[in-house]
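Here's the structure we're looking at; comments come further down.
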Amino acid sequence: MGQAVTTPLSLTLDHWKDVERTAHNLSVEVRKRRWVTFCSAEWPTFNVGWPRDGTFNPDIITQVKIKVFSPGPHGHPDQVPYIVTWEAIAVDPPPWVRPFVHPKPPLSLPPSAPSLPPEPPLSTPPQSSLYPALTSPLNTKPRPQVLPDSGGPLIDLLTEDPPPYRDPGPPSPDGNGDSGEVAPTEGAPDPSPMVSRLRGRKEPPVADSTTSQAFPLRLGGNGQYQYWPFSSSDLYNWKNNNPSFSEDPAKLTALIESVLLTHQPTWDDCQQLLGTLLTGEEKQRVLLEARKAVRGEDGRPTQLPNDINDAFPLERPDWDYNTQRGRNHLVHYRQLLLAGLQNAGRSPTNLAKVKGITQGPNESPSAFLERLKEAYRRYTPYDPEDPGQETNVAMSFIWQSAPDIGRKLERLEDLKSKTLGDLVREAEKIFNKRETPEEREERIRRETEEKEERRRAEDVQREKERDRRRHREMSKLLATVVSGQRQDRQGGERRRPQLDHDQCAYCKEKGHWARDCPKKPRGPRGPRPQASLLTLDD
């Protein structure tokens, strides 16, 4: 308790330098953020058993690789470097991965020559082994049955076939059939009535706490299915490493879908899984939606109680997983349970939540479309994959895309005839033509230099204009001064009083003119002073 759970994904992130070195040796490049996105969000949706926390299982990695390398529109070329790097780490594991890589079981070896764990010392009481009995070809003496310390009569897989699904094991005298069983390795699941009933607990020699190593149903060597329940560590990790159903129903639904696909749980396992990962109210809602999804013979949802109870019972059914009929019932039950999870995860209609989904600055159009479709599934009753809703999804995709992409999409010719796929391809072209950070820095630097040059040119032009304006104002001022002096002189002469026809202009007396004025001095007339003019140099 209190310790961080190590998963394949967290392990690679802790040794990211080694991951980058492996990718470099393969001549590819990987990014940490996309590494996390593909591992936890993309590859689990391929329905090949990939867990959200990653895995080093080469079979699952190969299935994901096939999906990634699929030709045509179903392929994912952008994920090729990541799955190739992950495969290289699993095939040729570095030292920090080797403890978490489990060797494949020797299925090709004959049953008489497998590698067996060493026998315990004689001084130590041997524990019950749940592995199939393997005898040496040279030793014809039957191997004695070894029982646990407790005296309870338990079913031993060494000598008997596992019981059918409905048939419980014989009751233990003390009421607990697992009281004397000791886990073969550390991290074994806690004892439970289911374990004591079916005697199916099995732990691998080296267990990874984040990846289940025991599927509930496995085909045994005798042709019958053997039952191994979920380990408590798996249930604990699933519950603590994922959000609640109310918080993020899509993520938890994807986890349960992966578990249903890879583990093939029984009816009891499904109830245990729902009881661990869901609250009581959430579980009831899921069961109700699953029962609504039951279809009749006509392929339509039915309301007949008998058909609903036969397909999705609320009480433990009598389904024997060793028969084809029982396995078919379990497969149908899991499908209905998954439909109930998907329907119960839909929130009340809230178009504001859908409109709030906008494309990030560095988000690809494909990733944005997936988030938009998920919002439609979560906050509306509409299916975004429905052809009737394609127009609404397309309009939301255009209006809520990045501003540069949205503007160009709106200007497309014959926009009404474009399908959603056409819009995504056009958006991808626009997104890929965006300038790189280096180009953006170069453009900003160039624009800054051009702006600075324009500013300097404007300053010079402004200074020249200021000088010309000052020169014109000074010229106007000087001209005004000169014209004012002239007007003063001319205006002074015009202000002389008007004389009568017989009045002297010199003495202002009547009866004579100025040339005959006796008061006017007689003598030579002096030169008239000239008015001085100011120039711009003065």
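A Cβ is built for glycine as well, from the same backbone N, Cα and C atoms used for every other residue.
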Range annotated as region 'Interaction with host UBE2I' - as stated in Swiss-Prot, picked from 58-63, 94-99, 304-309, 430-435: 430-435
Residue counts (helix, strand, coil, in that order) that DSSP gives for the zinc finger (502-519): 3 helix, 2 strand, 13 coil
Residue counts (helix, strand, coil, in that order) that DSSP gives for the region 'Interaction with host UBE2I' (430-435): 3 helix, 0 strand, 3 coil
